[in-house]
Amino acid sequence: MNRVKTHLVTVFSLLILAFSPLVLAQTVTETELKDEPIKDEETLLEKREASDDLALQIPFAITQYKTNYVLPLTYVKDPNTIGVTELDSENVDNLEAKYQISVKLPVYLNDDYRSGVYAGFTLQSYWQVYNDEASKPFRETNYEPEIFYFWKTQYRFLGIKFNQVHLGLNHNSNGQSGLKSRSWNRIYASALFSDRDSVYYLKTWYRIPEDEKENVNSPSGDDNPDITDYYGHFEIGYGKKVGNFNILTLLRNNLKSDNKGSVELNITYPINDRYDVVFQYFNGYGDSLIDYNRHQQRFGIGVQLKYL
């Protein structure tokens, strides 16, 4: 129970940062953006970039990185219990909450904000909040700090804007030890493109090798040597604005004959100028780090801070 309370205090603090109107670009700039007409050639990501640039005029600004959402109700087909001692196949719930908090902070920026270095942090947690029998444990939490260089480009081709390039170093871990530990480090490159109502995304990575464990209980060494068999070496994304709906898809694949990968679909609809209702569907491997080699299917619904 103390572990849950400590986790909740940490999460509550991060939620204040992630959703506060003082620190997020969308909330800082919604009034300014309403008063400015959108140019015909402005793309979907250029609107997002304009929000971030205005927020950066505030020295202590923390802005959205990836999407921020709370899914109070998700159904997971085959939940993994290895991460929590109190959970087993008999008492684990298929219903649980999931949330993601993701922020970035400038380390160094050029005067025009067109290039620089950011530090980013993403937290993703899976909470058995409806499980009274096991005292509502957090089944899994993943932590993803990173640092990256970004560059905004000016290139256009056939109406598509080449918006940004990112080069970064990423650590991903579930903060556990022993047989429950999952972690890996990557060097990655990503590119973002957009037109007036669509977003295109490509990311590829190289896993930094680790030494083999001397034995399964060794505190040092590779926790998951086969993780790229499931996460692969790249992911692609596509987003489309259809009326008031935003549809975002993310695909991963290892490009091998056994075809272990995943697909994630997010559909959002505006509640107001700040929040969207979001439906999320996941099918494949890598729903969380503890599930990296376990096929999983999940449906969820909740609220997301407006992203596009």
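From the backbone N, Cα and C atoms, a Cβ is placed for every residue, glycine too.
As annotated by TrEMBL, signal peptide applies to 1-25. Taken from TrEMBL, the feature Ca(2+) binding site covers SER135, SER181, ASP223. Per TrEMBL, the feature active site, proton acceptor maps to HIS171. If you look up TrEMBL, you'll see SER173 marked as active site, nucleophile.
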Cβ packing number for the residue listed as 'active site, nucleophile', 10 Å threshold: 17
Cα-Cα distance linking SER135 (Ca(2+) binding site) and HIS171 (active site, proton acceptor), given in Å to the nearest integer: 30
Binding-site residues (SER135, SER181), the one with most neighbouring Cβ atoms at 10 Å: SER181
Neighbour tally for HIS171 (active site, proton acceptor), based on other Cβ positions within 10 Å of its Cβ: 14
Using Cα positions only, nearest of the binding-site residues to SER173 (active site, nucleophile) (SER135, SER181, ASP223): SER181
Three-state secondary structure, which DSSP defines for the residue listed as 'active site, nucleophile': strand
